[in-house]
Amino acid sequence: MVHLNKTIQEGDNPDLTAERLTATFDTHAMAAQIYGGEMRARRRREITAKLAEIPELHDSMPLPYMTREEKIMESARKLTVLTQRMSEIIDPTDAGELYHLNNEVLGIEGNPMALHGVMFIPALNAQASDEQQAKWLIRALRREIIGTYAQTEMGHGTNLQNLETTATYDIGTQEFVLHTPKITALKWWPGNLGKSSNYAVVVAHMYIKGKNFGPHTFMVPLRDEKTHKPLPGITIGDIGPKMAYNIVDNGFLGFNNYRIPRTNLLMRHTKVEADGTYIKPPHAKINYSAMVHVRSYMLTGQAIMLSYALNIATRYSAVRRQGQIDKNEPEVKVLEYQTQQHRLFPFIARAYAFQFAGAETVKLYERVLKEMKSGNVSLMADLHALTSGLKSVVTHQTGEGIEQARMACGGHGYSMASYISEIYGVAIGGCTYEGENMVMLLQLARYLVKSAALVKSGKASQLGPLVAYLGARSEPTSLIDRVPNGGITEYIKTFQHIAKRQTLKAANKFFGLMENGEKREIAWNKSSVELNRASRLHTRLFIVEAFARRVNEIGDITIKEALSDLLHLHVNYELLDVATYALEDGFMSSTQLDYVRDQLYFYLQKIRPNAVSLLDSWEFSDRELRSVLGRRDGHVYENLFKWAKESPLNKTDVLPSVDTYLKPMMEKARQSKL
């Protein structure tokens with residue numbers, strides 16, 4: 001029999017199969033929506049199937065039972081096998097296929113080349129000249145060298161203008177002299193910098209004839225290509241264990257008057273001639289392209305990690321029976337409780353929303369990158385602002401959702417057998433890397449304040465498409481409860497009203513402080529909380545709109561209905577979360593707020609039959625999830641016991657610590673009692 005849910009197999013836990021039999025849509029068709037087309041979804045399944053047939057690519061034991069050194073060795077082993085066999089499994093030039101391959105085999109804890117493909121190659125692709133790409137990019141793509149991106153320092157991260165590493169041009173030798181003037185100038189945190197990489201794209205302040213030309217990027221050799229030992233003038237190493245992501249050797253890097261050729265300055269957009277003449281880039285933010293690249297792709301990565309945790313928690317909630325709703329009936333599935341649904345389902349909606357918003361942002365990034373190659377950087381400021389806000393909101397809400405998923409699993413969620421704690425640790429790193437979240441919101445706020453200034457000066461026609469709503473006329477009150485089924489358009493108008501009101505309020509506070517004599521920087525700081533609120537609301541509006549646009553594009557009725565239910569759940573949940581802003585000026589009434597609550601509870605119930613299938617549609621294999629609680633077959637308890645028995649502590653009945661310390665202590669206590 002052909003089922004709509006394609007994950008059903010004989011012998012599965014009947015409670016989980018029962019959930020899957022209530023699906024109202026084909027999970028393969030939903031996967032096509034998630035991953036950008038039927039071909040991409042099918043390729044993911046084909047890659048997963050091929051990988052399952054290669055035993056050398058399987059973990060030798062569960063990762064939680066390995067030491068950090070063992071994990072790094074295991075990851076390097078699998079990475080080497082992948083490099084040898086990659087071309088028979090995927091198209092190495094396809095970023096989506098490569099990402100899935102890495103997730104399946106190397107997992108979320110990282111690998112010795114994690115930054116190589118995510119930041120090093122994109123930096124060379126975006127900022128190196130054609131000649132430089134011929135020299136370095138080809139070698140990087142062939143994995144002849146391993147590289148990373150070194151920007152963050154011990155003393156400064158997001159504040160690029162105050163980075164302390166210097167690159168001073170020596171006209172006599174036509175070399176840049178890289179130097180770390182003090183301990184806070186050490187590069188600190190770059191992934192794979194500590195032990196794996198032999199090259200790095202380094203960000204340093206460039207000095208020519210005593211003048212600081214600001215931060216620029218340089219291609220810097222770090223280690224001897226034959227011995228892998230650090231080159232003279234280089235101080236380099238691992239910064240130690242972290243909250244998660246410990247297969248990655250995040251490192252430190254210092255320079256002692258270390259010389260590199262002038263031509264190691266990445267020169268696609270900026271140049272330094274032999275005589276020290278500086279040719280500036282066409283746009284001030286053009287060198288941000290590597291970070292914007294990561295922020296654009298981070299969104300779908302965060303959506304996947306949120307979906308990992310939700311898969312685990314929702315499947316487990318479908319097989320875990322606890323308590324009774326009706327005392328005359330047997331114990332019920334935890335998923336039957338409205339509180340559990342309210343804890344998980346809105347985050348299922350967010351995962352889809354983040355995926356669709358992320359896909360839209362990646363398309364915009366690819367458009368900007370293409371235009372940059374021909375010298376057009378007009379959209380970079382818009383993209384930088386958008387990705388700053390999205391990066392902040394999405395990483396924060398993803399962390400919230402993963403933690404809710406862990407707690408939804410009860411005590412077993414705390415075990416590494418659930419693997420949710422590792423997912424959480426990896427995901428929340430995104431709240432601080434590639435820009436600390438509060439600072440990211442303020443970067444978007446600068447864009448919003450400039451837009452508000454246009455509105456204030458009567459130049460709303462000059463607003464870009466992302467902020468056009470700031471100059472549009474608003475309805476006097478929300479019409480949410482007056483349109484059948486709570487029309488999505490009315491919800492969007494409500495979000496627009498809220499975002500517009502808060503943006504103009506925050507901007508007016510900033511403008512007012514300056515008009516009253518405050519210095520710009522002081523006025524900005526005193527307005528920053530309100531400005532960040534505006535940035536969050538603007539970003540959440542964009543996510544809602546992106547979700548709605550995606551649903552409107554879908555032709556398959558069953559898929560459209562299922563995603564429309566998720567969209568309705570999303571807008572009601574999100575609106576309840578920010579309702580204070582709509583109540584403050586009377587745009588919404590308390591009666592309308594009650595209506596929104598009722599709609600939320602209605603859609604929790606409506607989504608209930610599809611909950612497991614909406615997550616199965618992401619089509620994660622058991623190897624990718626690495627979770628006993630989230631197993632596809634639902635056989636949790638017997639495998640939880642099996643997993644526990646694999647603990648290295650269970651290889652012996654009596655631990656050396658007992659023989660050495662605890663047993664003598666107890667014996668001494670017994671003797672003293674006598």
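For all residues, glycine too, the Cβ spot is worked out from N, Cα and C.
Per Swiss-Prot, the feature FAD binding site maps to TYR149, ALA150, GLN151, THR152, GLY157, THR158, GLY191, ARG320, GLN340, GLN341, HIS342, ARG343, GLY411, GLU436. Swiss-Prot lists LYS285, ILE286, ASN287, TYR288, ARG295, TYR433, GLU434 with the feature substrate binding site, giving similarity to another entry as the kind of evidence. What Swiss-Prot lists as ATP binding site is HIS342, SER392, HIS396, GLN404, ARG533, ALA534, SER535, ARG536, TYR581. Summarising the annotation, Swiss-Prot assigns active site, proton acceptor to GLU434 and lists sequence analysis as the type of evidence.
Here the features listed in Swiss-Prot are painted onto the structure.
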residue: GLY191; record: FAD binding site; contacts (Cβ under 8 Å, 6+ apart): GLY110, ALA114, LEU115, THR148, TYR245, VAL248, ASP249, ASN250
residue: ARG295; record: substrate binding site; contacts (Cβ under 8 Å, 6+ apart): THR387, SER388, LEU390, LYS391, GLU434, GLY435
residue: HIS342; record: FAD binding site; contacts (Cβ under 8 Å, 6+ apart): LEU604
residue: HIS396; record: ATP binding site; contacts (Cβ under 8 Å, 6+ apart): CYS431, ASN437
residue: GLY411; record: FAD binding site; contacts (Cβ under 8 Å, 6+ apart): none
residue: ARG533; record: ATP binding site; contacts (Cβ under 8 Å, 6+ apart): GLN502, ALA506
residue: SER535; record: ATP binding site; contacts (Cβ under 8 Å, 6+ apart): GLY389, SER392, LEU441, LEU442, LEU444, ALA445, LEU448
residue: TYR581; record: ATP binding site; contacts (Cβ under 8 Å, 6+ apart): ILE498, ARG501, GLN502, LEU537
Proximal residue to TYR433 (substrate binding site) among binding-site residues GLN151, GLY157, GLN340 (C-alpha distance): GLY157
Neighbour-count leader, CB within 10 A, binding-site residues: GLN151, GLN340: GLN151
Helix, strand or coil at GLU434 (substrate binding site) [DSSP, three-state]: coil
Among TYR149, TYR433, the most crowded of the binding-site residues [Cβ within 10 Å]: TYR149
GLY157 (FAD binding site) CB neighbourhood, other CB atoms within 10 A: 19
For HIS342 (FAD binding site): DSSP state (helix, strand, coil): helix
Cα-Cα distance maximum in Å, computed over every pair in HIS342, SER392, HIS396, GLN404, ARG533, ALA534, SER535, ARG536, TYR581 that the record assigns to ATP: 26
C-beta crowding around GLU434 (substrate binding site), within 10 angstroms: 25
For TYR149 (FAD binding site), the three-state class that DSSP assigns: strand
